Amino acid sequence: MEVIKISPRGYCYGVVDAMVLALRTAQNFDLPRPIHILGMIVHNAHVVEAFEKQGIKTLDGEDRLALLDQVQEGTIIFTAHGVSPEVRKKARDKGLTVVDATCPDVTKTHDLIREKVAEGYHVLYIGKKGHPEPEGAMGIAPDHVHLVQKLEELEALDLPTDKLIVTNQTTMSQWDVKHLMDAILKRFPGVEVHNEICLATQVRQEAVAEQVGEADLCIVVGDPRSNNSNRLAQVSEEIADVPSYRIADLFELDIEWLRGKKNVAVTSGASTPTPLTKEVITFLEQFDEFNPATWEKKRTVNMAKILPTVK
């Protein structure tokens, strides 16, 4: 089978930095124990399991503030998705040692919101409900930041037009954002636009749109909770018109999807360990639908070594 390896793909710098910071925290025995991560450090269950083996427990749930009730002492790591000021204050008030792994691109958006709200602006925030990044952004100024995911939510808003900005979750599809941005500009012609899709997300989406066209199928390797992974599959189907499946790893790959296919494109989300993507590519390269000996899926990755190396 011919495999088109979409490039760039996989880990972005924000994800790598967050994981390396968490690993250094685990290796620093001057920091108080136990060590918890407030939410998934990145949206990948394999990564979470690998950190558990490093002695770092992940607290999973949508409400970061409520999750903090489970921690009475030790060190807390904030994830790459960022947290609200209220969460930061609660962690300090509990006497916890804080390690902040917030992605710099997310911090940039938080700073923008903070600055504009101080100037009297309201903020339209395009994002996905239930995702930790919008939770953190909205928490900066709950009365002034308005989450928009669908057009009908926009139509229900009654906001002043003289001091209004629009920004977005960094991992959204740029085409989804444009769709809502256009509607917002039509509804609020004077709105100030700040497109905050991070460069890593943007170039990975553009790579799929531009490189997947000759494929019969696109496989996206990424966790089901990874927004950017799901968006890559969406880009393949809606922009490039190529059928796509998102899989967490090789063992979610259905052989039936491959029947009659000659060219398969592979990409991966920004939080997907590189070895897992390579494992999928290696399997596809040897796959022959007429040779059952090539159908068996075997784990070739050492799952204890999927985290980045701390230098």
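Glycine too: its Cβ is placed from the backbone N, Cα and C atoms.
From a predicted model like this one, the values you see are computed outputs, not experimental measurements.
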Open item on the list: Looking at [4Fe-4S] cluster binding as recorded in Swiss-Prot, which candidate out of CYS12, CYS218 goes with CYS103, CYS198?
Closed with: CYS12
Task: Distant-in-sequence Cβ neighbours of ASN228 (dimethylallyl diphosphate binding site), under 8 Å, six or more positions away - done: THR171, THR201, ARG204, GLY222, GLY269, ALA270, SER271
Task: isopentenyl diphosphate site shell beyond HIS43, HIS81, HIS131, SER226, ASN228, SER271, criterion: Cβ within 8 Å of Cβ centroid - done: MET40, VAL42, GLU133, THR171, ASP223, ARG225, ASN227, SER229, GLY269, ALA270
Task: Spatial neighbours of GLU133 (active site, proton donor), counting only the binding-site residues CYS12, HIS43, HIS81, THR170, CYS198, SER226 and Cα distances within 10 Å - done: HIS81, THR170
Open item on the list: By the count of other Cβ atoms within 10 Å, pick out the sparsest of the binding-site residues HIS43, HIS81, HIS131.
Closed with: HIS131
Task: Rounded to the nearest Å - Cα separation of SER226 (dimethylallyl diphosphate binding site) and CYS198 ([4Fe-4S] cluster binding site) - done: 15
